[in-house]
Amino acid sequence: MSAANMPAGFTDYKVADISLAAWGRRETIIAESEMPALMGLRRKYLAEQPLKGAKILGCIHMTIQTAVLIETLVALGAEVRWSSCNIFSTQDQAAASIAAAGIPVFAWKGETEEEYEWCLEQTILKDGQPWDANMILDDGGDLTELLHKKYPQVLDRVHGVTEETTTGVHRLLDMLAKGELKVPAINVNDSVTKSKNDNKYGCRHSLNDAIKRGTDHLLSGKQALVIGYGDVGKGSAQSLRQEGMIVKVSEVDPICAMQACMDGFELVSPFIDGINDGTEASIDKALLGKIDLIVTTTGNVNVCDANMLKALKKRAVVCNIGHFDNEIDTAFMRKNWAWEEVKPQVHKVHRTGAGSFDPQNDDYLILLAEGRLVNLGNATGHPSRIMDGSFANQVLAQIFLFEQKFADLPAEKKAERLTVEVLPKKLDEEVALEMVRGFGGVVTQLTKQQADYIGVTVEGPFKPHAYRY
């Protein structure tokens with residue numbers, strides 16, 4: 001749909017350039033062909049309209065793949081209002097195509113922090129007043145937190161929240177433990193078809209792409225340090241190894257550390273004997289002085305701290321593929337060092353003091369996406385086939401919570417329903433099956449004898465809840 005086809009009088013949006021809508025529509029059509037699970041759900045549930053009456057507040061990266069998600073939710077009966085969960089991740093053509101379809105969206109690439117907060121507010125507000133929303137779809141937890149702190153009255157009507165990423169799940173669990181969470185939540189992040197696809201295989205595809213687009217560097221033969229070896233770290237380490245880099249890994253969890261060793265990565269610590277006492281003396285300068293690229297992947301704070309940044313090799317590339325920009329101590333970098341913009345989302349950070357700098361100085365770091373998500377800041381994120389699993393899970397989670405009708409329960413029953421849970425394994429398998437069919441794969445069916453032997457049904461689920469894929 002082009003801007004010319006926008007519903008007459010529709011102004012409930014703010015995007016960078018509405019004239020990009022036709023471009024966004026062309027890319028969305030291609031993405032649909034690469035998202036068999038999501039489009040399969042659209043076809044399967046279209047007649048049933050399971051989200052009829054759902055009013056969804058959405059905050060997730062406003063990409064082409066998200067456009068397919070939004071239009072699937074709408075096709076299944078929902079109304080939505082949307083914003084992006086990151087100031088750099090919006091693809092402006094995608095936002096324009098959604099606005100041109102008459103769907104409220106507030107997102108553009110390169111928002112300021114103030115503009116980001118404004119966009120979150122506009123997601124919640126319609127005509128200046130809180131919209132009568134009854135569902136939340138979030139990525140990172142900013143929208144959920146804003147609703148709890150500033151618009152708690154909206155939550156009286158909300159049936160639940162579906163959360164996309166590790167960081168947001170951590171925030172939900174913290175709120176639940178403190179008794180602050182007002183609605184039930186589905187942890188989409190830990191569905192197997194999300195965590196293994198998006199977190200691992202997606203990062204394997206998109207990290208090296210972003211670094212090469214941002215720097216035009218050859219990565220082969222250079223040394224990389226990946227901070228963290230969860231699913232995101234695993235995919236990131238593989239991504240860099242594919243480029244021929246010499247990859248080292250730093251980890252705090254002995255199990256993940258063991259996996260790194262078993263996968264053939266050298267396990268190191270940026271700190272002498274692995275102990276960070278907060279001083280420069282604890283830094284392994286010999287290690288960091290050889291590192292050409294450092295990537296943070298943890299969802300934790302200051303895992304690349306000021307002392308590490310001081311010790312890195314001259315002209316090293318620094319980037320983050322975790323959700324927030326606090327994994328790298330960019331606050332220290334802004335306060336103490338001079339920033340030179342090379343191009344959007346690429347800065348030379350001169351370690352010669354704050355203020356002015358000598359353009360010929362060679363003691364600098366190359367910081368990508370200002371320490372925010374590098375794969376969406378410097379590239380276009382994960383491919384459609386990867387996001388297919390994540391967003392199919394989001395649709396199923398929205399349907400699941402909407403049908404539970406938490407907001408309509410009597411007060412005495414609500415307390416026991418305030419949980420943060422993953423989707424039932426049967427739904428995870430449903431998403432996986434549609435993805436396999438999209439690859440042209442054929443899944444073998446158990447015989448009744450085989451199913452009985454291992455204690456499952458022929459239709460599944462096929463693994464116990466505790467199984468680790």
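Using the three backbone atoms N, Cα and C, a Cβ is placed for every residue, glycine included.
Lifted from Swiss-Prot, the feature list:
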{"type": "BINDING", "residues": "Thr63, Asp139, Glu164, Lys194, Asp198", "note": "substrate binding site"}
{"type": "BINDING", "residues": "165-167, Asn199, 228-233, Glu251, Asn300, 321-323, Asn375", "note": "NAD(+) binding site"}
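On the structure: features taken from Swiss-Prot.
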{"residue": "Thr63", "record": "substrate binding site", "Cβ contacts under 8 Å, 6 or more apart": "Ser89, Thr90, Gln91, Ala94, Leu376, Thr380, Gly381, Met387"}
{"residue": "Asp139", "record": "substrate binding site", "Cβ contacts under 8 Å, 6 or more apart": "Cys59, Ile60, His61, Cys85, Glu163, Glu164, Thr165, Gly168, His323"}
{"residue": "Lys194", "record": "substrate binding site", "Cβ contacts under 8 Å, 6 or more apart": "Glu164, Val188, Gly389, Ser390, Asn393"}
{"residue": "Gly228", "record": "NAD(+) binding site", "Cβ contacts under 8 Å, 6 or more apart": "Ser250, Glu251, Cys256, Thr296, Thr297, Thr298, Gly299, Asn300, Val303, Gly322"}
{"residue": "Gly230", "record": "NAD(+) binding site", "Cβ contacts under 8 Å, 6 or more apart": "Thr166, Asn199, Asp253, Cys256, Thr297, Thr298, Gly299"}
{"residue": "Val232", "record": "NAD(+) binding site", "Cβ contacts under 8 Å, 6 or more apart": "Thr166, Asn199, Lys200, Cys203, Thr297, Thr298, Gly299, Ile321, Gly322"}
Please give me the CB contact count at 10 A for Thr165 (NAD(+) binding site), counting all chains in the structure.
27
Extent of the substrate binding site in Å [max Cα distance among Thr63, Asp139, Glu164, Lys194, Asp198]:
17
I need the neighbours of the substrate site defined by Thr63, Asp139, Glu164, Lys194, Asp198. Which other residues of that chain put their C-beta within 8 angstroms of the C-beta centroid, in sequence order?
Ile60, His61, Thr165, Val188, Asn189, Met387, Ser390, Phe391, Gln394
Taking only the CA atoms, the spacing between Asp198 (substrate binding site) and Thr167 (NAD(+) binding site), expressed in whole angstrom, is 14
Tally every other Cβ atom lying within 10 Å of the Cβ atom of Glu251 (NAD(+) binding site).
24
